[in-house]
Amino acid sequence: MRSAWNFPACRFLQNKVGTVLRSPRPYILDFGFTKLPFTSLKSRIPESSIKTINADHLPTEYREPYILQGYRRSTDFLGSLHSLFWLHNESFNCWSHILGIPMVFFFFAEEYITSSNPLMYLYLFSCLCFVLGSSFAHTFCCYSRLSRDAYFTVDYIGLTIFTCGSGAAYVAFSFPIELSTIPGVSAFSFLDTYLIFLCLCSMVSIFQSVWTRTLSPSVLRSVLRVSAFAAPGIIMSFPILYKIYTCYCGANTYPPRYCDSAVIWPKQFLTCIISVIFYVSRIPEYFYPGKFDYFGHSHNVFHIGALLGLHYQKLALSLDLEFAKAHQIAKVSLKIPLFGFSFLFIFIFLTCIYFRHLFAAKPPYKSRRL
């Protein structure tokens, strides 16, 4: 009986698949995108700028540990945009958070329909800064106008704003009842004092994260960078952990719906912990260098975990907000968060001035043609 693979059409398909797999770079996805009007950008971009290159063609500071292939060449603004529509080792990182942008806008619409709480809008604004900053950094890190450090500083700024916005939402909606009556410092309540402290921690985190760009790639640098954002996150999570503990192990004398979010918060913490473990350990590319260059490497897992954690965080905060509205609980005013954000933006500006030497474009590197 004649094998199906002996037919000419099947042999042709098999040869084409083999050609793609043996190619030194992935085929760009022009077969799907050239029919769209905005993809005429291709005619304005040199062919050399859309080819991926290997790690040994790049200076050390441009390489990611254990990622061996799929790097973009240094290119211009249009080349960076067009790179969204072909495959390289940043494709998943770009699109995972680009697709997170409509998710945040959906949160805005949901909030507008349900409660229109100003502090929740402030939190959602910080979420938008987070996904926009990450998308911008991973899309334009190959843009030669500024250094790679400049674009990832935008990523850190978005993450810092998100940390501060999350802290404000935690204090406003999710703080345990037992801790809300503790006296604060001077004329401030304990909640206001706690929120001011979180804003100060966010200021330290942006400085520390940008400072790590001056260090050579290493595990220590990854740990310092993660700790810059993990430390404020852990500090603002202590009250939430206490709330979870009291809801499950306490006397259970709380008002109805107070403990509804206690089911969601552990999921958010778990996704964040798993994401950080993957990011710091460089699993799985550490064990299989070159096998996860395009999909499945640790930063991909980190991005998915970040979006999933954001989903659980928003869901838990919405449940806590419903409880606060039902019992007419107003824990903090809008004044303290706005002042905190104002000083944070000023400190971000000063940090960028201090590290301005990192942002100048490096001399263009020369890479061998593949």
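Just so it is clear, glycine is given a Cβ too, placed from its N, Cα and C backbone atoms.
What TrEMBL lists as transmembrane segment is 92-109 (among others).
The feature transmembrane segment is assigned by TrEMBL to 121-143 (among others).
A C-beta separation below 8 Å, combined with a sequence spacing of at least six in one chain, links His138 (Zn(2+) binding site) to Glu90, Asn93, Cys94, His97, Asp155. Feature annotation from TrEMBL assigns Zn(2+) binding site to His138, His299, His303.
Under the heading transmembrane segment, TrEMBL lists 150-173 (among others).
Taken from TrEMBL, the feature transmembrane segment covers 193-211 (among others).
The transmembrane segment feature in TrEMBL is assigned to 223-242 (among others). Away from its own ends, the transmembrane segment (223-242) comes close to residues 156, 159-160, 163-164, 166-167, 170-171, 174-176, 178-179, 194, 197-198, 201-202, 204-206, 208-209, 212, 215, 265, 269, 272, 276, 279-280 of its chain (Cβ-Cβ under 8 Å, at least six residues beyond either end).
Non-local neighbours of the transmembrane segment (262-280) in the same chain are 174, 219, 222-223, 226, 230, 233, 237, 240-241, 243-244, 247-248, 298-299, 301-302, 304-306, 308-309, 312-313, 315-316, 319; each lies 6+ residues outside the stretch with a CB under 8 Å from one of its CB atoms. If you look up TrEMBL, you'll see 262-280 (among others) marked as transmembrane segment.
Residues or ranges marked as transmembrane segment by TrEMBL: 339-359 (among others).
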Closest-packing stretch to the transmembrane segment (150-173), where packing means Cβ pairs under 8 Å, from 92-109, 121-143, 193-211, 339-359:
121-143
Neighbourhood of His303 (Zn(2+) binding site) by C-beta distance under 8 A, where only residues 6 or more apart in the same chain count
Phe92, Asn93, Ser96, His97, Ser134
